[in-house]
Amino acid sequence: MQIITNPREMQNIAENLRMKHQLIAVVMTMGALHEGHLSLIKLAKQQAGTVILTIFVNPAQFGENEDFHCYPRPFEKDSSMARAAEVDYLFAPDASMMYPEGFQTGIHNGPVAAILEGEHRPDHFNGVSTVVLKLMMICKAHIAVFGEKDAQQLAVIKRMTNDLNIDIRILEAPLLRDDDGVAISSRNIYLSSEERKQAAVLFRALSLADKRIQEGCTAAEKLIDEAISLIEQEPDAKIDYVSIVEAESFTQSALLEPGKEYRMVLAIWIGTTRLIDNRKYRVPLISA
């Protein structure tokens, strides 16, 4: 595995790989690697002969009073995990390389980025989209693998690549959970043992919605209210949002249509740790 820190060097390597007709897949991360990231790498390796892993804690996607400065950066551990996963290239630039003096261009997203995460974290997705586009241009990948856990981010990136005719295929990797149902996340390390127990309520709320949908409930407001009531039973839980959206477009829906796919998406504070989660549902067809 080669570790590259210079964007121009990474571009040159990727260009040479393309000239040799090598299929390239990229997995973009902020580091603090875990089993979820390893599953993305595994999927990338199944799809392409060369895998580039990027590690970059992107300052442009963090808002004021968020955890940019304390976000975990265990680079030695990350590089060891990447090597063990048989990554070909680890691209790990610093911020001065990605946003040099005078940098002033960025992506401005549309409605899909304005709701939910976008409402609670203004400009977050503009920062995400800008760095994702830069990494696509630097790594020159044919395929980019993203996790289902950040479902709205995935929808924003798909919208961007479609709108801007970016020649790259977006692959979605399934969300991974620990045995207690908590979605695997780098931020889980912030949770105390008691908070970790309470964090399992996110999965219970998503599972309750699944049960109710399979029973025939199609009123989004009722499903959301039931999820909120369950979450509010935990003493350290504070809700940013709970919503139901169409699975691909991320448009919010009041009534779920039979045969269509939707997601319940939620962002919950457990103590001082903000967790996001989601689950996809297919609404049963009505029997004749």
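Just so you know, glycine gets a Cβ as well, placed from its N, Cα and C.
Here is what Swiss-Prot says about this protein:
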BINDING   30-37, 147-150, L176, 184-187  ATP binding site
ACT_SITE  H37  active site, proton donor
BINDING   Q61  beta-alanine binding site
BINDING   Q61, Q153  (R)-pantoate binding site
**Prompt:** Between L176 (ATP binding site) and H37 (active site, proton donor), what C-alpha distance do you get in Å?
**Reply:** 9
**Message:** Measuring Cα to Cα, how many Å separate M30 (ATP binding site) from H37 (active site, proton donor)?
**Reply:** 10
**Prompt:** Any idea what the Cα distance is from S186 (ATP binding site) over to the residue listed as 'active site, proton donor', rounded to a whole Å?
**Reply:** 10
**Prompt:** Counting across all protein chains shown, how many other Cβ atoms sit within 10 Å of the Cβ of L176 (ATP binding site)?
**Reply:** 18
**Request:** Rounded to the nearest Å, what's the C-alpha distance separating H37 (active site, proton donor) and E148 (ATP binding site)? Just drop the number here, would you?
**Result:** 11
**Prompt:** Measuring Cα to Cα, how many angstrom lie between the residue listed as 'beta-alanine binding site' and Q153 ((R)-pantoate binding site)?
**Reply:** 11
**Prompt:** Which chain-mates of L33 (ATP binding site) that are at least 6 residues away have a CB under 8 A from its CB, listed by sequence?
**Reply:** K77, D78, M81, A82, S186
